[in-house]
Amino acid sequence: MRDSNHRSLTSNKPIVTITSTVYDRRALDINSSIPLINSLNYLTYLTSNSSKVRETVANDGALERLVSILRSCHLSLFELLDLDLENFNEHENIKDLWKEKRLALCAWKWTLTFQCLVLTGTRGTEQIRKKVVMSGVLSVLVTVLDNYLLYHKNYDFIKDQTMTFDFKGITTETMYKFMRKDENETYQQYIEFITGQDKLKLSTDKNFLNERLVAPSMTIPTDFSDIWGRFADLASNFEPDQERHDDDIDIDSEVESENFDAHKNFFSQPDINRPTISTPREFFLGRIVPKQDDVIWSLQLLAFVSKYTYMKSTLQNVELVESLSFRSMAYKIKQRISEENDLEEQERDVTVKLSSLYPYLSKNPENNSKVKALDTSKMDPFFKELEELSNRCQQEEQNEICNNHCPVLNLFERYRVPKPSDDNAYGKDKERINLRKKISDNFERRWSYDKMKKELTNIVYKNKVLTNVVNIFPLVEKYTVSAENTHDVIYWSSVIMRNSCRKNEILGVRQCANFSCGKWEDFPRQFAKCRRCKRTKYCSRKCQLKAWGYHRYWCHEVGSSHMRSTNTTTGVNTPNEPSSLNATATTAADVSNSTSTFTPNISTTVPDEISNRDENSIPE
């Protein structure tokens, strides 16, 4: 395949792609979507069947590149508002096709990259799984699980409650009219507030389309834009011949003009029967909506990673990916709702105070204007003080304006002619050195790092620490609820929760299973075990009662059929021998201490290559 847009300008040549028999790391460093999707398609097949490829991927930096691809699978605010398609407003069909193609390519990159990471982690060795964790994939997994609860369940797991508004409906017209800051706020400004401002300011230039500074490629979306522009110019300049007076010629010219107008409006008319581009994932405000497959893949990878106790501290401190997460949107909506509630309370308080001061306001509306003419001596002392303060501030502002705009009587009044001296340069340097020394001494006298307060304030701690760092285990615990999830989701989430109860292999102590507590044992066997499952430990009866609300969904009695099935299975597939990915699990990640090689239910047949065509061409 050939493409001129390569990350490395020195390697601007025909693109290297991954095939079913050859793995090449350079194929992952391209920006063009179609060749990259082809390479990811074959890489999914290779990582599922070849242990050598999995080991190579873990050591050549491909894991970090795959994670960066996942983090980039979203639409910027520039693309979300369709500002890159402003010149194609008259061609609705082409505009819709381009939007569908852009979403489809982004979704396919997400799906295939996710599969590559999951297959590498679930089928790899312990060292490979450690590399997978170090690549930063945990942030993506937590974001997927959190987004699924926010979007599909309308549930905030951090506050452990259902949200007071419909998250899916924040883009509707009704929600926009209810949530907008004022009547002057447009829908575009409302979307900008929800999704967050871009670091690059949105341009109002009409020719900004040709620059494409924010778009992934530096070309116009389609090669037909110039043709359509000429076609429109031809339509504006087209006029029938005015010199012909023959009736037949007039009739023919009218027919030709009608046909021409019909062809002119061809691109602007919506085509109901046109084929649509299939997209494996939906998008909401430019961000991918996770499906149940994404949840299962995330839980499977976490199940194999969480069985290593030395990774528990890493799993308990994971940051969400801001560009992919829905949590920032939900937080801004809650903030807007709280601001409106505060304004309503303030208006209510002011109304109550005015009604108490002037009881006749509500009874005689026609006499309300008399309040303005009340004598200041009869006003409340607090309001009188506020009025005096306001008058004083206005007077100070007027005085400051007058002082700043005072006319200059003599233009050379402040001009100073330097005296001729041989030591002028030396004197300036000496003054500069003295000034620098004075500033340094003043800084050292007033500032000391030893005496500086290093504690974070409550506001900074809540906004910068608590909101960004997430504990995986209480999030996964929400997926163990049997009434809300499928069998696969319940199984893998239960595996992760049982892995969280493992004791530290170095110290031999366990952590309290109440995640809001998180206390560790001072010595082995200090805490009491759950009498039913004999796995979880609690530091007190209070913690056990508090955690039972969700622990009861994954608490299996010792000797039950579930425990026997997980303890008696011994089959382990060797990494060197490819096995069918559609087979069921032969070992549980929470029981086996060896390298488990269960693979998710992902198709690994040799993929068909996508048609070799330019990324900017119109999809058929």
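A Cβ is built for glycine as well, from the same backbone N, Cα and C atoms used for every other residue.
Over all protein chains present, the Cβ of C530 (Zn(2+) binding site) has 19 other Cβ atoms lying within 10 Å. Residues or ranges marked as Zn(2+) binding site in Swiss-Prot (evidence: sequence analysis): C530, C533, H551, C555.
Annotation comment: Swiss-Prot describes 563-606 as compositional bias 'Polar residues'.
The annotation compositional bias 'Basic and acidic residues' is assigned in Swiss-Prot to 610-620.
For 563-620, the entry in Swiss-Prot reads region 'Disordered'.
Positions annotated as zinc finger by Swiss-Prot, on the basis of sequence analysis: 514-555. Proximity of distant same-chain residues to the zinc finger (514-555), defined by a Cβ-Cβ separation under 8 Å and at least 6 residues beyond the stretch ends, is recorded for 316, 471, 473-474, 477-478, 480-482, 490, 493-494, 497-498, 501, 503-504, 508.
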Determine how many residues of the zinc finger (514-555) DSSP places in helix, in strand and in coil. 14 helix, 5 strand, 23 coil
Which residue, out of the binding-site residues C533, C555, shows the minimum number of other Cβ atoms inside 10 Å of its Cβ in this structure? C533
